[in-house]
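Undergrad: Below are the features listed in Swiss-Prot for this protein:
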BINDING   46, 47, 48, 49, 50, 51, 52, 53  ATP binding site
DOMAIN    10-232  domain 'ABC transporter'
């Protein structure tokens, strides 16, 4: 790892992922190289089935590459056991998905505080931090509402707060506005960009929305298993 790579929040080199089913082998990703700097906001676009979600899973340590390296906050994932990888994810990364994945039996406050509780924070400190973030995303009147009592946009705002509650170095977002109408999609995306600037948390966002992607610092296209940087249409 060189000095430039040491400064990166997250980077990968020569990343590949192959899936095998019997005699059939499909190489979804090949020779993927990517580096994410502190405070940077990067969008990844590409056709359905191009491997965008697979790439995020590898970058987040949720899957293991067929070859190549992934480094998060200066640590090589290949050298960590499952417990260590889980701790690193909890400390250094936040995740936002197309489906909010909030626990239905928990309130917005409890869902948002959960990553801090898993990390060992006291209930009082976890809830204090969760309240502050929920207020920032506009949910100060929804602390005690469960996901079923929230609108789609409110659920995704709670998911954004949950992803940021541990002060991660980087947030990985997989189609975070994919289930929202245009108005809510633009509001949630703007919220994410605002928090990127305010908190200094790097963002890697997979999206099909070219209009939203164009608002980020850098747009990469996943094509034929490789990441390329091309002008937007």
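Note that Cβ sites are derived from N, Cα and C of the backbone, with glycine treated the same way.
Locate each feature and note its surroundings.
TA: The number of other CB atoms found within 10 A of the CB of residue 52 (ATP binding site), across every protein chain shown, is 24.
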Undergrad: Whose Cβ lies within 8 Å of the mean position of the Cβ atoms of 46, 47, 48, 49, 50, 51, 52, 53, the ATP site, other than those residues?
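TA: Close Cβ neighbours, site residues excluded: 222.
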Undergrad: Across all chains shown, how many C-beta atoms besides its own are within 10 angstroms of the C-beta of residue 47 (ATP binding site)?
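TA: That number is 11.
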Undergrad: 10 Å Cβ neighbour count around residue 50 (ATP binding site)?
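TA: Excluding its own Cβ, the number within 10 Å is 20.
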Undergrad: Quick one: give me the count of other CB atoms within 10 A of the CB of residue 51 (ATP binding site).
TA: 25
